[in-house]
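These notes concern the structure reproduced below.
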């Protein structure tokens with residue numbers, strides 16, 4: 001069997017930074033260290049940090065006053081920040097810097113009274129945090145997921161609009177929705193191209209590059225990982241059978257009946273150790289040749305807060 005490993009795959013700079021923030025806080029301060037929401041959407045990573053003394057909560061009312069709390073890579077609303085300050089919580093912010101860029105755009109629109117449209121998935125913590133940057137009743141913030149949502153959208157002033165996107169969506173994910181917005185609202189302002197999350201786009205490009213060369217695609221990532229699900233969907237759109245697995249235990253040998261070529265990748269929140277375990281499990285099924293497929297080099301590094309260095 002030929003096993004192709006897509007590149008780049010796995011941890012991005014934002015995930016590396018978020019995990020490092022929790023690890024350094026655990027080293028420098030006595031547990032418990034509270035983390036609002038899963039710091040990244042991966043079961044293995046979260047369990048590892050729990051075992052070391054991190055306590056994951058969904059709301060700040062689960063955190064004792066004057067405790068240390070870390071905001072997840074997905075970001076939080078302004079209301080959450082205000083509550084943390086009011087209660088005297090010591091905050092370390094693990095929000096991905098690329099998410100923060102989107103937050104600043106929404107906050108700027110709010111200050112200017114420009115209505116803002118967010119392209120994203122309802123219920124995702126990043127979406128909730130981004131929409132929570134807007135607090136100007138003179139304008140408004142709207143969430144759309146599809147061209148149909150755009151068709152049904154009603155705004156106050158069609159000539160005073162901007163849009164932003166959830167960072168775990170690539171340009172390809174949002175093309176149709178953006179086209180619908182620009183068709184309906186010709187004067188709408190969008191983000192600059194350099195605001196696109198490089199990691200999301202690179203991992204999707206890597207899947208696209210490999211998908212047509214294999215009969216089966218395995219994506220390593222947790223079910224609540226938005227970007228991992230997008231990778232699986234992209235492989236399927238290319239006509240390749242694809243499965244999302246948390247770890248090697250999820251790999252079903254029946255998937256490989258008659259398969260000669262399989263590809264493996266990992267979402268941005270999945271560690272390489274899980275990829276290795278999955279590849280090892282596949283290689284045990286038949287004599288295998290493992291090939292690293294060349295891809296775009298990533299050298300972005302995001303620094304942790306100065307107090308944790």
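The backbone N, Cα and C atoms fix where each Cβ goes, glycine too.
Using a 10 Å Cβ-Cβ cutoff, residue 12 ([4Fe-4S] cluster binding site) registers 28 neighbours. Swiss-Prot lists 12, 96, 197 with the feature [4Fe-4S] cluster binding site, giving sequence analysis as the kind of evidence.
Secondary structure at residue 74 ((2E)-4-hydroxy-3-methylbut-2-enyl diphosphate binding site), as computed by DSSP, is coil. Residues annotated as (2E)-4-hydroxy-3-methylbut-2-enyl diphosphate binding site in Swiss-Prot: 41, 74, 124, 167, 225, 226, 227, 269.
DSSP assigns residue 225 ((2E)-4-hydroxy-3-methylbut-2-enyl diphosphate binding site) to coil in the three-state reduction, placing it in neither a helix nor a strand. Around residue 225 ((2E)-4-hydroxy-3-methylbut-2-enyl diphosphate binding site), a 10 Å sphere centred on its CB holds 26 further CB atoms from the protein chains shown. According to Swiss-Prot, the feature isopentenyl diphosphate binding site maps to 41, 74, 124, 225, 226, 227, 269, an assignment based on sequence analysis.
Sequence annotations record features per position, and here Swiss-Prot assigns dimethylallyl diphosphate binding site to 41, 74, 124, 225, 226, 227, 269 based on sequence analysis.
Annotation comment: Swiss-Prot describes 126 as active site, proton donor, evidence class sequence analysis. Residue 126 (active site, proton donor): 27 other CB atoms within 10 A of its CB, across all protein chains.
Spanning the listed isopentenyl diphosphate site, residues 41, 74, 124, 225, 226, 227, 269 have a farthest Cα to Cα distance of 15 Å.
Mapped onto three states, the DSSP output places residue 126 (active site, proton donor) in helix. Cα to Cα, residue 226 ((2E)-4-hydroxy-3-methylbut-2-enyl diphosphate binding site) and residue 197 ([4Fe-4S] cluster binding site) are separated by 13 Å.
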